[in-house]
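**Student:** Let me give you the structure first, and then I'll get to my questions.
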4 protein chains.
Amino acid sequence: MSTQTVKKVALAYSGGLDTSVILQWLRETYGCEVVTFTADLGQGEELEPARAKATAMGIQEIYIDDLKEEFVRDFVFPMFRANTIYEGEYLLGTSIARPLIAKRLIEIVNETGCDAICHGATGKGNDQVRFELGAYALKPDIKIIAPWREWELSSRETLLAYAEKHNIPIEMKRGKGSPYSMDANLLHISYEGGILEDPWAEPEEDMWRWSVSPEAAPDQATYVVLGYEQGDIVSIDGERLTPAQVLAQLNQLGGANGIGRLDIVENRYVGMKSRGAYETPGGTIMLKAHRAIESLTLDREVAHLKDELMPRYASLIYNGYWWSPERLMLQQMIDASQAKVNGEVRVKLYKGNVSVVGRQSASDSLFDMNIATFEDDKGAYNQKDAEGFIKLNALRMRIAAKKGAKFA
Amino acid sequence: MSTQTVKKVALAYSGGLDTSVILQWLRETYGCEVVTFTADLGQGEELEPARAKATAMGIQEIYIDDLKEEFVRDFVFPMFRANTIYEGEYLLGTSIARPLIAKRLIEIVNETGCDAICHGATGKGNDQVRFELGAYALKPDIKIIAPWREWELSSRETLLAYAEKHNIPIEMKRGKGSPYSMDANLLHISYEGGILEDPWAEPEEDMWRWSVSPEAAPDQATYVVLGYEQGDIVSIDGERLTPAQVLAQLNQLGGANGIGRLDIVENRYVGMKSRGAYETPGGTIMLKAHRAIESLTLDREVAHLKDELMPRYASLIYNGYWWSPERLMLQQMIDASQAKVNGEVRVKLYKGNVSVVGRQSASDSLFDMNIATFEDDKGAYNQKDAEGFIKLNALRMRIAAKKGAKFA
Amino acid sequence: MSTQTVKKVALAYSGGLDTSVILQWLRETYGCEVVTFTADLGQGEELEPARAKATAMGIQEIYIDDLKEEFVRDFVFPMFRANTIYEGEYLLGTSIARPLIAKRLIEIVNETGCDAICHGATGKGNDQVRFELGAYALKPDIKIIAPWREWELSSRETLLAYAEKHNIPIEMKRGKGSPYSMDANLLHISYEGGILEDPWAEPEEDMWRWSVSPEAAPDQATYVVLGYEQGDIVSIDGERLTPAQVLAQLNQLGGANGIGRLDIVENRYVGMKSRGAYETPGGTIMLKAHRAIESLTLDREVAHLKDELMPRYASLIYNGYWWSPERLMLQQMIDASQAKVNGEVRVKLYKGNVSVVGRQSASDSLFDMNIATFEDDKGAYNQKDAEGFIKLNALRMRIAAKKGAKFA
Amino acid sequence: MSTQTVKKVALAYSGGLDTSVILQWLRETYGCEVVTFTADLGQGEELEPARAKATAMGIQEIYIDDLKEEFVRDFVFPMFRANTIYEGEYLLGTSIARPLIAKRLIEIVNETGCDAICHGATGKGNDQVRFELGAYALKPDIKIIAPWREWELSSRETLLAYAEKHNIPIEMKRGKGSPYSMDANLLHISYEGGILEDPWAEPEEDMWRWSVSPEAAPDQATYVVLGYEQGDIVSIDGERLTPAQVLAQLNQLGGANGIGRLDIVENRYVGMKSRGAYETPGGTIMLKAHRAIESLTLDREVAHLKDELMPRYASLIYNGYWWSPERLMLQQMIDASQAKVNGEVRVKLYKGNVSVVGRQSASDSLFDMNIATFEDDKGAYNQKDAEGFIKLNALRMRIAAKKGAKFA
């Protein structure tokens, strides 16, 4: 695990200013070849400009991959099977994309004979951890270059000067003129920095990009029926869709109805609190609806065990441990729990609200109207059983109370 | 713990048909005296009619207690310190009231020399468990009478006939002509039964009683600032309020803005799934805002530990174990965690949405703008530290990968 | 789930006094046919007398099954993969046998057309729960008869009188003249009752049946090498053995060396504490050795997650939830974790002590001498990485301390 | 948190070769004053030689503190209240001493105006983390110097050469000629390195220093009665003792009876596995006995919750988070649970075995012989209650099975 010489580097390349500067800085600093990798994760940007720019900068090996289906199928959906939510609020939109990028980078390393990877994440954030833990797990001797932790180009001004000096085309890529640091993929768009650094300040309306405000959303509710198979959505209003299609359509529906905005202070893995704003229109619908289909089809104790393990599973993803044995172990349990999570959920979308208004499962409902009813159940349930149930559950406390324990 | 003769019974008495029939049935069945207990928990009903009715039925010892402040201070607020939510959705409005009623019933038993208590909860539900576990924990040899598990009056028709025969005034109390079985207190109102027994059916708009629909809520958002001390709300918009006043005002604000409706299938402790609808306007605001003030003032690991224990804590309350040693033990930890949860949260209420738009804590914020900033932090944080942090966190996976482990 | 008429009952039959009386009582009480089922779980008793006795009592359908291999392979071994131990001490020898008996009883019900099962466990213990939860899970409408909860034969004297009256051969089966209530299978033998009901009293030496005392054990230690595949022992000292052979041999080795005696107070599921003594010679060796092979081959976080879930898994087994969806879900995770738990453990057995003195895994050891060494590691590990690791792990506490938090 | 100049350093000083070299190296490297701190934690070594040596090296401020009582009272005892054990085996003898040293170092820093601390732990181990996390939590801007991560003196030879050059008295202090790296305090002595680096090799008998081998222990068992108050041992055989006296006496008793040897592979926080051997004679007795007194006096659910949280609590201590808010929060819960853990435990010590042979609590036993008995309980427990208890606990599985779920 010692320091190696670097001959060829696979760079996670967005085509923006930062990673273009990094591209040049890598060649200058290490005298190495660079392979660029740009992923389409549904961030909603043209990727061909990235290709053009890389070509213009003399790159020979350029990878531009559409990973949208893999992203949703193998990362987003498995995560939602666990009703995953970090710190009670955050749907992990950025966190869940990083392990896929790490995996693809390492594949490219293996295909092209690189000896190092490079990314543009800063030394203060979570993304560096996510990229690097993934890379190390998948290729333990990989050399990782994180320019933001190394170089002197620590301000925007020095970056711009460096770009000018090296004829790197500048187009204010980062945030496209926005004061915010942003990240987007099919699951969400995130905002950090700018006035968000004051946690008392309300985000300005024009910051949000993926959703209308609840105020601006239609006055008429939209009803949608989501079809589930083994915990994943496979259809919307009866139309069978691929995973990425599902999420894209839910984003459209959610965004149009003002759904999925979030404004939080969160705890980064590297130890500080940070303020972030997120838009996750489709994911917000998915979380709510998944809980609803589970409420009908999942055993109580299985559901409760999932709930108790969820915060840890969420932290694993947030902290970058997607490619770890403990995440894999938890995933096996989570996936196993979803075998009977089949059926339909009907949701109402209205001005920021996602309301579940119906759930059914022809094959796997555990809801038994005959037993639950307040009406005559024709002997399906013997109410007298409850007496013994309560008495034995109370026994340890009765014994303790008789021995003098005070519970109030 | 053997069966005793019953001479005098403390009855949880609402004044409605069911508990009036029970009152008479107790006297007839056991030849006993009855003490009635009616609690004002903020359910929004006149209690004097209950007194009149009990008097008319010849009851000598009538307890009518305003427990609203105790309810919110000693039950609702402690529960919200844990961000408690059952099965991802339910705010435990009914569950949290039962232990207080059990406690007060036992106090009345001790004051009046009763040898038994009686309640009107059915043998199919959670409430019987909550009443009885509480009573047993606080008075282990108490005799408990649960008529619904014993008697033959199992249908509404037989109840009505019994009432008529015994000249018990009938006023369709249960649900006041509503097809739903309802329960209310200052935290929420609940609905079960009727068309809700079909989990695919959407509740009708006229079922809801405490909130306007999001559609009918004002087109203008309401902003409110909530002041926190040790995890509890002590002021609204700068005005210092008692716990019950806080909740009452938040109910008013929430209800007016279409906030707090919930429609779920839940898992009862006695083993079946049931469909319920709830309105918890103030509680919905409180949960969201409490997370926000904690996000600023609570240590990450403390917050995560709370999150991991919360589902179990919620189940304890749901299942009726408020007066148990394990709930008390958890509460000590939860309360200890709140010492520094002080500050203000600003929320926006709009057509069903509660959005946190600001949080601050002059005394206890752990948010450090200097460290979190993407701008120059003047050396507050050394980005190079991240490399070692990641490398050692990756070490076990690197070793495993070198030995052949496959993580993807 | 209503009460049915009983025509034919499958009885868990030991051949002893209690279950012989039950056999007769069933016929008398229900006018039903009885099918007897006697399992060889390695309890070390001849089963043919049970057959003779059942025949003598006129039983037509007699099941006597050797379930030793199934017991160890499908119940004991899976349980030990989790390092399962109840309340820090108990190896669950009785608990783990019950679900197998329940399963086989239900198979017999299905084969012979019974409409009920019957067992001889009392209404105070855990075994009734284990039998019945298993039976209900595997055949939800099964009728269960638990005579000890129903009949009037509540004392030994009335039992004997009943036996005499009905010409049931009496041979003091229960405990064979022992003052203790005992249960045995290939994993353990248990003792309850008698002087054990006083938790201050030390068990008498002649109570123990499966092991010599440490004092009486050989003065020379015995060394054994256990071979593991996927978490299970497959060989002893290089000799490949079946699961039941493994356990039988370890019992022999352990018992001869005074290993596996336990004397505890435990918490029963039905709510009271009870005192029990156990001999688990082979199991005690297995627990210790399994931890050792895992210590070499299991990832740290996987091992820790297993440790955190283990108490709950143990409670599930103790409480009778082997045939529950949550146990199955946990098992999937546990089994998945064992894929690389391969290698050898060398243990020293000496007068009650099991000491691990060596562990190795040619294929799957994660122990890396080059990294762990205090000698020169030739750059395998960069000590400087530790500084950043510590600094970032300390960051949240440093920020808090600067804001005034006091940790000491 | 930037790098400061270092004027005066508080050094954790053992008087041995390593820390003597460090002392000189600090002065040479930083041109700073050095304050030495040597703690008596019961390691069983004379400390006056350390004073003499420090004086001889020209140190003006020399701290030599007897911390034995504080160590056991405020660190060891609180930890044992949780039945703490790391990875199923390790009693955390080294881990629990480090936070006390960190705390005292910081106190000395505050008293003497140091601007840095220094310790002699390597960059590969856990101790550096424990020292430094503690120091940062208690004094967030403290400068920490860890020579082993910085200097070039990475081998024993260079150390010796440096010592010779600077006239530092050499006496082969480290391990006193032993091939093992050792650490000792009143709770344990540990061994690492040497042949232990091969996990298949059995430690040689002459490595062990604190205990006789089981083989060499007396042929006669020793019986001891331990008196508990609130979870801590306050007397042995009726004689009231201070915490340090308790542990010292138990060490003597345990060591003489061959108790407390351990040989494991463990997972370090910095990411690798390492092999260690430990002698914890008194601690081994304490763990076993504490579980026994809890078995009698602790509520089942409280005990189980403690068991589930214990592995995490153990990891916190192992990883160095004693002075963290989450450890403090857990401790509050643990301590609260011990209010009624009062009584006596009788243990038998014999050739490596600790057997609990009796436990009693006049004031707080929850063991109720009348209820637990297999004999006639005179109605204390109604066996019929078990039927309802089981039926409702089975209900969710019965419903699922009827809907087609397969549990076997």
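Just so you know, glycine gets a Cβ as well, placed from its N, Cα and C.
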**Student:** In TrEMBL, the ATP site includes D:ALA12, D:TYR13, D:SER14, D:GLY15, D:GLY16, D:LEU17, D:ASP18, D:THR19, D:SER20, D:GLY120. Which of D:ALA39, D:ALA137 does it also list there?
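**Tutor:** The record-listed residue among the candidates is D:ALA39.
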**Student:** Rounded to a whole angstrom, what is the C-alpha distance between D:THR122 (L-aspartate binding site) and D:ASP18 (ATP binding site)?
**Tutor:** 11
**Student:** If you count Cβ atoms within 10 Å of each one, which of the binding-site residues D:SER14, D:THR122, D:SER181 comes out on top?
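**Tutor:** Comparing the binding-site residues D:SER14, D:THR122, D:SER181, the most crowded Cβ belongs to D:SER14.
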**Student:** Return only the integer: C-alpha distance in Å from D:TYR278 (L-citrulline binding site) to D:ALA12 (ATP binding site).
**Tutor:** 23
**Student:** Do me a favour and check the Cα-Cα span between D:ASP18 (ATP binding site) and D:SER95 (L-citrulline binding site); whole Å is fine.
**Tutor:** 20
**Student:** Near chain C, which of the binding-site residues D:SER14, D:SER20, D:GLY120, D:ASN126 can you find when the cut-off is a Cβ distance under 8 Å?
**Tutor:** none
**Student:** Rounded to the nearest Å, what's the C-alpha distance separating D:GLY120 (ATP binding site) and D:SER190 (L-citrulline binding site)? Just drop the number here, would you?
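**Tutor:** Cα to Cα, D:GLY120 (ATP binding site) and D:SER190 (L-citrulline binding site) are separated by 16 Å.
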**Student:** Given the L-citrulline binding site residues D:TYR90, D:SER95, D:ASN126, D:ARG130, D:SER181, D:SER190, D:GLU266, D:TYR278 in the record, what is the largest Cα to Cα distance, rounded to whole Å?
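**Tutor:** Comparing all Cα pairs, the maximum is 19 Å.
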**Student:** Please report the Cα separation of D:SER20 (ATP binding site) and D:SER181 (L-citrulline binding site) in Å, rounded to an integer.
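**Tutor:** Approximately 17 Å lies between the Cα of D:SER20 (ATP binding site) and that of D:SER181 (L-citrulline binding site).
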**Student:** When you tally the Cβ atoms that lie within 10 Å of each candidate's Cβ, which of the binding-site residues (D:SER95, D:ASN126, D:SER190) has the highest tally?
**Tutor:** D:SER95
**Student:** If you measure every Cα to Cα pair among D:ALA12, D:TYR13, D:SER14, D:GLY15, D:GLY16, D:LEU17, D:ASP18, D:THR19, D:SER20, D:ALA39, D:GLY120, the residues listed for ATP, what is the largest value in Å?
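**Tutor:** So the binding residues stretch over 17 Å, Cα to Cα.
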**Student:** What whole-number Å value do you get for the CA-CA distance of D:ALA12 (ATP binding site) and D:SER190 (L-citrulline binding site)?
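**Tutor:** On Cα coordinates alone, these residues lie 19 Å apart.
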**Student:** For D:ASP18 (ATP binding site), what is the tally of other C-beta atoms lying within 10 angstroms of its C-beta?
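**Tutor:** Step by step: centre on the Cβ of D:ASP18 (ATP binding site), count other Cβ atoms within 10 Å, giving 20.
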**Student:** In Å, rounded, how far does the Cα of D:GLU266 (L-citrulline binding site) sit from the Cα of D:SER14 (ATP binding site)?
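**Tutor:** Answer for this pair: 26 Å between alpha carbons.
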**Student:** Hey, how far is D:GLY16 (ATP binding site) from D:ASP127 (L-aspartate binding site), Cα to Cα, in Å?
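**Tutor:** For D:GLY16 (ATP binding site) versus D:ASP127 (L-aspartate binding site), the Cα atoms are 17 Å apart.
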**Student:** Tell me, if you would, which residue among D:TYR90, D:TYR278 (binding-site residues) has the fewest other CB atoms within 10 Å in the structure shown?
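**Tutor:** Sparsest of the binding-site residues D:TYR90, D:TYR278 by Cβ contacts within 10 Å: D:TYR90.
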